[in-house]
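Pulled from TrEMBL, these are the features on record:
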- Leu20, Asn27, Lys156: xanthine binding site (BINDING)
- Ala128, Asn129, Gly130, Gln131, Ala132: 5-phospho-alpha-D-ribose 1-diphosphate binding site (BINDING)
- 35-156: domain 'Phosphoribosyltransferase' (DOMAIN)
Amino acid sequence: MDLLKKRIVEDGTVLPGNVLKVDNFLNHQVDAKLMDQIGEEFARLFKEEKITKVVTVESSGIAPALTTAIHLGVPLIFARKHKSLTLTDDLYTASVYSYTKQVSNDISIDKRFLAPDDRILIIDDFLANGQAVQGLLEIAQLAKVSVAGIGIVIEKSFQKGHTMIEKSGIRLESLARIASLDNGKVTFVE
Ligand code: 5GP
């Protein structure tokens, strides 16, 4: 998506540890118009997939997942993060290691919101090592829902997540694919 790539080049900054900071349009201040265009694009890509719900993880996934859900005309569910402890019978839970925060959190979705006849689309802001997506796939498995695909706003293709999803056979659509952040410069996959 050219508009998104242009914005990454203009406003993104590369931090140590291969982290791309995009907090002026995605991760803190949100460009609502751009989010709407992102949602429209994901909805166009997945419109034939009979999706019943869009699923993401709080908090940075919510903005693009919400606009996607609006364009698909389905509800959005965001998995909630909490400290591992409370094992509750009415939640589907998975453990996720955070790439940027370097801590493990549990993520959960209330059992009331997923049923075996659901066909979900997973949306997230970034794909790095794929831990967040993996956690959502575990929850999908527990809930016995089918996964129509995964939509990522910014994929760091040089990290493990891309290959992991490719191996799973699940459809992956990333709107911007970054080949490298070396020397503080963003290089996109051709
Ligand atoms: P993963 O679970 O794929 O390793 O990482 C995905 C999550 O980590 C994303 O939801 C995002 O919140 C965060 N993340 C990973 N890499 C980056 C990055 O380069 N920049 C930002 N802003 N967040 C990232």
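The backbone N, Cα and C atoms fix where each Cβ goes, and this holds for glycine too.
Within 10 Å of the Cα of Asn27 (xanthine binding site), not one of the binding-site residues from the list Ala128, Asn129, Gln131, Ala132 places its own Cα. Ala132 (5-phospho-alpha-D-ribose 1-diphosphate binding site) carries a helical DSSP state (H, G or I). Helix, strand and coil counts from DSSP across the domain 'Phosphoribosyltransferase' (35-156) read 42 helix, 46 strand, 34 coil. Along the domain 'Phosphoribosyltransferase' (35-156), the predicted structure has mean pLDDT 95. With every protein chain in view, the residue among the binding-site residues Leu20, Ala128 whose Cβ has the most Cβ partners within 10 Å turns out to be Ala128. Each residue in Gly12, Val19, Lys21, Val22, Leu26, Asp125, Phe126, Ala128, Ile154, Ile178 lies on the same chain as Leu20, Asn27, Lys156 and has a C-beta within 8 Å of the C-beta centroid of that xanthine site, without being one of the site residues. DSSP classifies Asn27 (xanthine binding site) as coil under the three-state reduction.
Using CA atoms as reference points, the binding-site residues Ala128, Gly130, Gln131, Ala132 were checked against Leu20 (xanthine binding site), and the closest is Ala128. For Ala132 (5-phospho-alpha-D-ribose 1-diphosphate binding site) paired with Lys156 (xanthine binding site), the C-alpha to C-alpha distance reads 14 Å.
Within 10 Å of the C-beta atom of Asn129 (5-phospho-alpha-D-ribose 1-diphosphate binding site) sit 16 other C-beta atoms, taking all shown protein chains into account. Surrounding the centroid of the Cβ atoms of Ala128, Asn129, Gly130, Gln131, Ala132, where the record places 5-phospho-alpha-D-ribose 1-diphosphate, the chain contributes additional residues within 8 Å, namely Val96, Tyr97, Tyr99, Leu127, Val133, Gln134, Gln159, Lys160, Gly161.
You'll find the Cα of Asn129 (5-phospho-alpha-D-ribose 1-diphosphate binding site) roughly 9 Å from the Cα of Lys156 (xanthine binding site).
Spacing of Lys156 (xanthine binding site) relative to Gln131 (5-phospho-alpha-D-ribose 1-diphosphate binding site) is 13 Å (Cα to Cα, whole number).
Largest Cα-Cα distance over the residues recorded as binding xanthine, namely Leu20, Asn27, Lys156, equals 16 Å.
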